[in-house]
Amino acid sequence: MLLLIEPPGTKHHNVTGSDTQHGQHLLEYSTPEEDEEPDCDDINPPTTVETVASCAQKIDQFLVGKSNSCEFSDRWKREFSERPSWCDADMALQQIKRGKARGSRAALYSRSLIQKALFTLGTFVHHHACLVIFTVIMFFCFCCYGLRYVRIETDVVKLWVARGGRLEEELNFLSRIEKSSSDKAHGETGLGGAYQVVIQTPTVEGDNILTQEGLLEHVTILEEIAKYKVNVAGENWTLADLCFKPPAPKIDKLFAEFVPLIDKIIPCIWITPIDCFWEGSKAIGPHPSIESSSLGFGKEFLTSLSNMDTLSWSNIDPQALLDELAEILDLGDFNSFFHRANIGRGYLDRWCIDPLNTECPTGSPNHFAFCDLIARFLEYAKKHGFEVPIDPEYLHREERKKNQEDEYSIFPFFGIRQKRSLKKSTDNYLNLDGTSNDANRSELSFNDAEAIKTNITKLETVHFLSKLTGNSTNNEQVGTSTVGSKSVGLLEPLKITTPNPKRGSIAYQDDNDFLYEDDEDKEINLNAELCAKYARSFSEWLRNNTDKWHELLKLHEMPLLPNYGEVMTGGCRSFAKDVMSWPQDLIIGGVRIKNGTIESAEALQSVFLVASPTDIYNRFKDGDRIYSKRNLNLTQWNVTVAETVIKTWQRNFTRNLYNHQSNFIIDQKSDAKIVHRRIHPLASTSVTDMLEQFCKFNYSIIFIGYFLMLIYALQAQMKCHGCMLAVDSCIGLAFAGVLTVTFASIAGLGLSTWLGIEFNAATTQIVPFLTLGIGVDNIFLLLHNYHSVMDNVKKDEVGILMKETGMSVMMTSINNILSFLAGTLLPIPALRAFCAQSSILLTFNLIAVLTIFPAIISIDLCRRKSFRRDICCCSVISSFAREGSYMIDVGVKPHIQEKLTVGGTVPSYHNLYSPNDRSDDMEDDLVKPWTLHAFLRHYYIPFLKKGVVKIFVILTCLCLLFAGLIGLRNTTFGLEMSDVLPDQTAPAAFLKARDRYFSFYPMFAVLRGPGIDYAKNQHKIDDYRLTIGSSPFVVKNSEKEPSERYWLSMLRIWLQNLQQKLDQAIADGLIDASTGTIAGEGTDFVGETEKLSTDVNIAYRLACSYGYTYNCTGRIGRVRFVDESGTINMESFYNYLTAWYNSDKMMYHVSLASFIPSPPEWTIENKTRLIPPAGPFEYSQIPFYLTNLSSTPVIIEMVKEIRAICDEFTANGLPNFPTGVAFTFWEQYLHLSGNLFQAICVIAFAVFCVISIIICNPWAAGIILIILLLMTVELTGFLGLVGIKLNPISAVTVITAVGIGVEFTAHVVLAFLTSLGTRNDRMASCIDRVFVPVIHGAFSTLLGIIMLAFSEFEFVVKYFFIVMTALIFIGVINGLALLPVLLSLIGPPCEIEPLDGSHRLSPPPPLQRRIQRTVQESQVHRRNCSDDSNTATLGSENCSTMLLISPPRSGNGGLSGAPRLVPNSHARSASAHIV
């Protein structure tokens, strides 16, 4: 069938043909008037410019006239008429230069420059896709190589301690001092140790733990801890090897066999509630107990150790033992320390938690006299017909003694008199087995809770009876508490009284008395033997038969239970009662007080200090303790090995307690173990190990998150044709886009590693999801416009896509990057690393989106142009291929008719239109029902245009702002350390228990030298300590002074004691005060003399030493060590320090003074007269205990108060600073508000500047800034309303909210600026343009972070998932509701507007070369075309037209029916032959 349509006049006039590339510009929006005036674009561009061109002309040459309207479809031109500068700023400028429009030239020039750059980039990528992909991928792969050197930081101090300022400088000073101490120290310094903590809570939350069962369980746990051992470097290591304890005294080598005994007697320092009781001795051991046989003949010198097979703190009298050792050894300061520390009888005079323990000493206030009642019990057993078994331990002990009967003792030949008090003898009877106190642990407590309950009930009854009988007892002073019969609730125990010991008794024996024994001795020995055999069985019977006590025991003989709360009121004292006292708040938690005493408590806490690696190294490096570590290779022994030993033991300690049987309960139904943590350990390695474990990438969670994102992306881009994917489906591109963002993120992490940024929990748990969610937004934006670009152009599609979409991508991405960079202003290292890594990853995402992904799109274009299905590229849709040939371009040449065959192709016109235009322009405006776009067109936009709705939106957002302000006011500072760790883990459980029960922190006041003259500032130091001690947060003693003794006061006491001994020696004539010489010695005497005791010798030398001068003349008896005002002699102050440090090391270590550098080594054996002075100290410290620190605001108040005191004394010439956990981790809150405000201001200013520069419109940038600030206030208020505290973590989300909020605002404002019409129309236009991609972006970001909700870290869920989710919803409300309303009311004018007052601006005519014609040809052309004004825009050399044959319509995507003719309304006529 042939159809002939000829243009009018072709039979009468000649029409000149045109170039095929520039002649077919038919679909124009030009008006008839445009052709009536000379058009600047119809003239050839100038080829010659003036020598000196103006700046504007140069800009025009560079930016204007580069876009040609002939290369775009009718649909694109229609869109340009509505949004000129959005589509092409170059064409908008062309219209301004043609006088058809006016607008902001600066904004358009800026836009044109950016669009030109993006177009150039897109075109280059389009034509060199493979090269771009290869180059960028190689660069990314190089960056990925850095992942080999990933270092995960798990040190909590390095992660969360603020960098910069005084705190970092102080920590650097401490690190430098610690390193200096390890290099210069001669022995242990006590610096750098680590606290290990154990918290015990009751089985049922809220129950009282101050019961016999609860306290004995704590004793058992501490015994187990003391016995934990690990094997490192060929040796077994226990807590006794690693703990902090005073050093052993130096003993003459002749008595080396006593060294192990003395070394083991010195216990680890435990801060524990069981120190209130005799059972506290079980924790300090020693473990294992000392075998008395290991002392050899030395035991014969120590009568206090007779009849003991094993020795420990639970059965020895330490002061008596030291007194005996002092008679044969020179213990020096060691013995003095025991006396001055008031060690006394150790634990032998303290209450027993369990009075039925046969080992409970006779000195205990509630000792039960088993030996006095054993005969009665055996008679009772015989009477009632039950058998009393012999203690198996007794049989074992007797057998061991029998094997040792033949051992020879030489001491009877020396006539040594052995005097023992009956009290000591009785102690020996009661310490039956003499074995370690952990034997038969099951006998230490009642069989079950019911038995305990019955026992307590019985004891209370006895107490009631005692009141009836009028029995009472006097109060007894025990430890730190005064306990009377009323507080005990039972009668006073039976007191053993005996006649004075006589010759021949066991209380008084000499060498011949061993051969003779009188009847009384025999009776006592027989009673002791029966006690040894049957006491343990007697104890078991009493436990199991509480209802029969009255049949055997008299009222005053009943076992006596202490009132545990009253005994522990005020705290407990360690073995050194006068120097080691543990405040109540440190060891007991959840306390309820009644009448000034503890009624109940819910938690017990024990703390012990492990020495630093340097101290452990120094402890064993000289081989002095080879007796305990015989297999230790000293040549390989170093600080690193010591550190390995400590960490191995710490991990073993926490692992054993994590898996302790008390942390599990049995489910009655399933008979399975259920975790129910009651024993909470913490070592310095606990948090580090847990963070290291959870800082590893959780690939399963990451995979699920990426899989969900991938599913969403594929679903959003899927289009079907029949049962298979359509040509215009973009599943492959979506898949490639997600992989591109993923690869870019991995490369970004690699570059972060190259740059030295360390990974942490925030990196591994948050960054992959956050960057994926933000990065995929740009993928969606490109794919959203990719379809329209394919419909509109057929040349340089990727360049056009980048020109139209790239600006939005760049604007949002740059602001996101800047927002995270602003987050690095916060001084917290973990957050700085997080923000820096996020910035790098977003930068890499931007690079990938602008290079790799467009290159992939370029490859996909080949598929689409060949009409191949998505994914299934081998399948070609033939109907689409035929559809492309329905568009037939016909060029009409003069007097020549062209005949074209349907189905053929015309290469000259191939680049004009897309084959996907299957409907006319009117159909393009139609939207499918039940879609987001349909809701937008039919409901949301009309709804938002109404004035009432605008008022409602504004009022609603004002309410949100008001709620935000309320929440902002209620926002509190704080970050629970338990939130930083993964939930449901043992360390997190410990921190929660500590936060709940113990508001206690240690601290040190550091004196920072070497510029401090301690001699001149000693009273200032005293005032400094007392001023800090006056704080309500510092624990005080009964004298309202800090509870902890410190080195300067200990030095005074020691000097005063020496002064008294020196004065006594002078009074006794041992020293001549007038000459300063020792009686009987010459003036040149320089050595040690037996005439003076060690202490007097030291005092004598101190009196003669001042500085580096030794002179006794006129000083003995006149120079006072300490004057009446308490001032230590300044002249000899540093000499005194040297003597005290070397002679009283026990007290020095207890004081925790930690002098750096240490005073010079000196002993009394030195033949040098002078005691050398100590050098200037770079470091010394004063200990304090802080309490009542229950919340962050309180801790902040404490930090401010203590800091103010320290600053005041620093200003007065005493450089100092506080240190401790509270100051390390809460210092940041002092500056958090300022840092947060600074960061928000910086990012807000950066966003304002970036947007103002990009769009050259401060008005629009200001509106965006207002919305962003509103979002920030609302988000911060949301934190306060839902109880999320403000801390560095939440501060990061608040800061990044400013940048991420640009995602919801910039697109809207940009679309508003580039639209034409009234504000209301422009508001509708901008929403219609960007609503869908913004919603997609919001949903993709939400989908990207949704997996954060499944993180093991509570802080990730709380501070990132919840807050970021709230940010997305706040952003959507403000960006898609409030912002459009504000724009419709106070929005900035459009960037360009037509001069004719209309709301449409047609694109400029095509850019083409004007062919020189004669005036006649031009006139002929005008006559031929004058019939139809629509042809006025055609070039003078061509008047051709086009016949469009559209494919048949199909209701379901298929093709049916006959082809249809689509007339071109802009063409006057057309001619073609269709065969």
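Numbers here mean position along the shown chain, with the first residue as 1.
Backbone N, Cα and C atoms are what each Cβ position is placed from, and that goes for glycine too.
Annotations in TrEMBL come from automatic prediction, not curation.
As given in TrEMBL:
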REGION    1-23  region 'Disordered'
TRANSMEM  697-714  transmembrane segment
DOMAIN    698-859  domain 'SSD'
TRANSMEM  726-746  transmembrane segment
TRANSMEM  766-786  transmembrane segment
TRANSMEM  807-828  transmembrane segment
TRANSMEM  840-859  transmembrane segment
TRANSMEM  947-968  transmembrane segment
TRANSMEM  1236-1256  transmembrane segment
TRANSMEM  1263-1284  transmembrane segment
TRANSMEM  1290-1318  transmembrane segment
TRANSMEM  1330-1350  transmembrane segment
TRANSMEM  1356-1379  transmembrane segment
REGION    1454-1475  region 'Disordered'
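Highest Cβ contact count with the transmembrane segment (1290-1318) among the listed stretches 840-859, 947-968, 1236-1256, 1330-1350 falls to 1236-1256 (criterion: pairs under 8 Å). Averaged over the domain 'SSD' (698-859), the predicted model reaches a pLDDT of 83. Sequence-distant residue pairs (6 or more apart) of the transmembrane segment (840-859) and the transmembrane segment (766-786) include at least 3 whose Cβ atoms are under 8 Å, placing the two stretches in contact. Of the candidate ranges 947-968, 1236-1256, 1263-1284, 1236-1256 has the most C-beta pairs within less than 8 angstroms of the transmembrane segment (807-828). Away from its own ends, the transmembrane segment (947-968) comes close to residues 1270, 1273-1281, 1370, 1373-1374, 1377-1378, 1381, 1384-1385 of its chain (Cβ-Cβ under 8 Å, at least six residues beyond either end).
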